[in-house]
Amino acid sequence: MLGPTPSLPVMSSFFPTVPFAVIFHRPLLRLLFFILLFGAFFAFFLPPTYVPLFSPHAPHKHKHQRPMHPYPHTFAPPHTGPHRHRIKVQRPVTRPDYDDHWNGDVWDRRAGAVRDAFLRAYNSYVTYAAPHDELLPLIKAPTNTFNGWALSYIESLDTLWLMGLYEEFDGALAVIANTTFSLPPGRYARFFETVIRYLGGLLSAYALSRDPILLSRADDLGTALLPAFNTTSGIPAFSVNTVNGRIAQGWNGHNALWSEILSCQLEYKYLAYLTGRTPYYTAVENVMEIMYAANLSSLGDLFPWMWSTDTGLPSNSKVSVGAYADSAYEYMLKQWLLSGRTDTKARDLYLRSANAILDRLTYITPTRNLLYVTDAKVDSNGSFTPSHIFEHLTCFLPGVLALGVAALPEVPRTHLWAARGLAQTCWTLYADSPTGLSPDEVIMSLDSAPGNGSEWDGLWATHLAQWEQNGAHGDPPGLRLAEPVLDAALREYKAAKPGYLLRPETVESFFLLWRTTGDVVWRERGWAIFEALLNETSVEDSGFASIRDVYRIGGPKIDEMPSWFLAETLKYLFLLFTDDELVPLDQWVFNTEAHPLPVIHWSEWEMERYGMLHAGDQSRVVQEP
């Protein structure tokens, strides 16, 4: 009688328990053994290789897979399938034939100098202030300006990555991984600042590094901030508690600043794209629908800077391109760019608004021909009363206009003229001061005009029309370069706020003008600003500090080093000087805090899911070739 048939080893058994005799006498097990041995050899003895960044939906890459280059190579364009058509935005980046004085090594060294300055500022923050929000550089102590969630760490992430500082990046990541974004009852996070700084910083760092921790934290924060939209109109409240979801109003009650309610579009739409969470998209798109439906005919197609969170309607008749409105105008164009040119409603709104700004709010001074944009009150008859205040914050506008000209060939030529003229005025505010730095706010003077300004119509549109009627000879009004003037009586403006707050807007516009026009003068001016910054804002054995008066060499400093100095000012200077195309403008869009996000290419089913398509409308779908 035959004994029981021996059972074969099952696949789920632990491999070492299988006798070697059985392995070598059974072909399938022998093959499996050698495959595992071969795989183990490669896993343990071969180094990991860098994998380029692809679609936001691609598998996550290990955080130590770094580009083998001091500065990372150009990042591959995000896409969700075969090759997508690229948006032609910037001039082709080539290394020009430099002469002996302006050779390529000069700009490489200058980019390195900015990198060194960033490291000094960042290391000072890490040493004296981390994991709090910001550094007080004069007393070498921390401060929590926005929620106490390690703001400068998060704002620095993408700058660290772009500069190739990967060890510092991983050090910051270890802190961020344990951040909960929680607040005790009775404390609230400012919605606008938290979105552009924290959420934008996390999303940008994720897009560059592909580290899943960053997307997880961004998703957590996006969800925690979402109750801010729980107002009667859907316009976000001033602040929200990230634990219980309660909202609180700011200094203006149940009203919101226009710049704050609209500067969440890029961040939340990209987060919706990454996560597939519909509420992220619908919450911010509802705000855009309110803007599309607004009747602005009495305001000359300009948006007022105060809106009711109860009614969703304007609550004043003041228009501006400064602090209360700046990034809202910026995000109109950038929404269209981020959407891969599918959001045509945002594009059309940008064109209408930009034309209105140049027609209604742009002026020139009588003698030096300084071009500037100001704010105004609009009365019931539609008459504008300008303040002639020009803010450093408004120096973002030349860059946005230049970006619009490059992306939209159909825009009027006045947009490029305005970009150049406004950027020259921003530069003049730096060049006129003995420190080489710009005041934060000036009031343009008309005293040098006939009748002490009472007979002067400084509206740029009026002077352009006269110039064209006279044959359009020479440069258009507002584009003549003004020579630096140190005599305050001859400047044609008075400093209302003489301090320099380490702000980025001027060098941001210089970077965009350099990338879109190729004119090296913007790099040269950027370097002059950087040298002045080193001379006047450096703090011994610490970082950098704002200064109180740009007209006093070596004057008193302000004990602050805002996170935007790490996130924006030094990043834009570094990108201005490096010849490497680190952030191609046809593939990435900077949010208002200089955090680059990749262009989105929505699939048709995603556009249908988020309500981007109307019945029978296929024109906005990006077709595969």
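Using N, Cα and C of the backbone, Cβ positions are placed for all residues, glycine too.
Keep in mind that this is a model prediction, so the values were computed, not measured.
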I want to verify the bond table. Which candidate from CYS264, CYS395 sits on the other end of the disulfide that TrEMBL records for CYS426? CYS395
Cβ proximity for THR592 (Ca(2+) binding site), under 8 A, sequence spacing 6+, ordered by residue number, returns ILE196, GLY200, SER263, ASP326, SER327, GLU330, TYR331, PHE396
Name, in the order they occur in the sequence, the residues of the same chain whose CB lies under 8 A from the CB of CYS426 (disulfide bond) and which sit 6 or more residues away. HIS392, CYS395, PRO398, SER438, GLU505, THR506, SER509
